[in-house]
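This report refers to the structure that appears directly beneath it.
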Amino acid sequence: MEKQKANILTFKEMKKQGKKITMVTTYDFAMMSQVDKSDIDMILVGDSAANTMMGYEGTVQIDLDTMLVFCKAVANAGKHTFLVGDMPFMTYEISTEQAMANAGRMIREGRMDAIKLEGGERIAHTVAALVRAGIPVMGHIGLTPQSAAQLGGFKVQGKNLQDAKQIIKDALALERAGVFAIVLEAIPGPVAKIITESVQVPTIGIGAGNNCDGQVLVIHDLLGLFDRYIPKFVKRYANLGEDMQKALNTYASEVREGAFPDKEHSFSMPQDLVEQLTAELQEEGIL
Ligand code: KIV
């Protein structure tokens, strides 16, 4: 049976019914073609593309035009999966007007179903304006990689009472502003549980324990395609990096040995035609 594309009401209903929401990041056509055939409900064209696709250490280097390239590629394959596009650093903080214009590009040009942005109380007024304009918004609190420098690095957040309370207040502010879901990144499981039980919208955890309404992982991490660093919360479900090495090395050795391409992967020509071609080339002085 063909996968039914979910929408923001489906996700609300899933939370009500206690059905877990599944999400991964995706950045290109080939990968999205696979994800679209899978049981994954929703994807994020994450600004983690800065790390996984471009090799930067952080996410602040990626700009809107680059994100749009990844969004367009994903949208070309993502027909049965809800598509969320990540707003890159400094595309929504400067003014509400700029946030609206940039989010509009993610929806119109990038063909995303929704956008995601980082921050809680501090960004709630922007979220409210985007939602009023008809753009579905996903929040992202806890460890917010775009402000990693201000947080002192990529660290677990909300470990003391004051920080935990602030994250809970952030979640409530985002819900009031109208988000359809909230990503909770790298926070203690019990804090994620309090948030999940306190808001009506689904929570999507990454390093936030098992009590969230759904989970998200960076697809390169779960498939074993990225080993520069592996956060504690990442579980590898495949080792595609190793499989790729094997395939590439087999190809290289077959080419060196003359075993590839074989008859099956080549185009032939009748022998008499080959002889006629050689004869004519010689007659015409081409060879
Ligand atoms: O960009 C990203 O991959 C993300 C996820 C970690 C949620 O924001």
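A Cβ is built for glycine as well, from the same backbone N, Cα and C atoms used for every other residue.
Taking Cβ-Cβ distances under 8 Å and a sequence gap of 6 or more within the same chain, the neighbours of Glu118 (Mg(2+) binding site) are His140, Ile141, Thr144, Pro145, Gln146, Ser147. DSSP assigns Glu118 (Mg(2+) binding site) to coil in the three-state reduction, outside any helix or strand. Here TrEMBL flags Asp47, Asp86, Glu118 as Mg(2+) binding site.
Long-range Cβ proximity for Asp86 (Mg(2+) binding site), meaning a same-chain Cβ under 8 A and a gap of 6 or more residues, is found for Leu44, Val45, Gly46, Asp47, Ser48, Met67, Ile115, Lys116, Leu117. Annotation comment: TrEMBL describes Asp47, Ser48, Asp86, Lys116 as 3-methyl-2-oxobutanoate binding site.
Taken from TrEMBL, the feature active site, proton acceptor covers Glu185. Taking Cβ-Cβ distances under 8 Å and a sequence gap of 6 or more within the same chain, the neighbours of Glu185 (active site, proton acceptor) are His140, Ile141, Gly142, Leu143, Thr144, Pro145, Gln157, Gly205, Ile206, Gly207, Ala208.
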Next item on the list: May I have the list of same-chain residues other than Asp47, Asp86, Glu118 whose Cβ is within 8 Å of the Cβ centroid of the recorded Mg(2+) site, in sequence order?
Entry: Gly46, Ser48, Thr59, Met87, Pro88, Phe89, Lys116, Leu117, His140, Pro145, Gln146
Margin query: Give me the count of other Cβ atoms within 10 A of the Cβ belonging to Asp47 (Mg(2+) binding site).
Written below: 29
Item checked: DSSP three-state assignment (helix, strand or coil) for Asp86 (Mg(2+) binding site) -> strand
Next item on the list: Could you tell me which of the binding-site residues Asp47, Ser48, Asp86, Glu118 have their C-beta within a distance under 6 angstroms of some atom of ligand 1?
Entry: Asp47, Ser48, Asp86
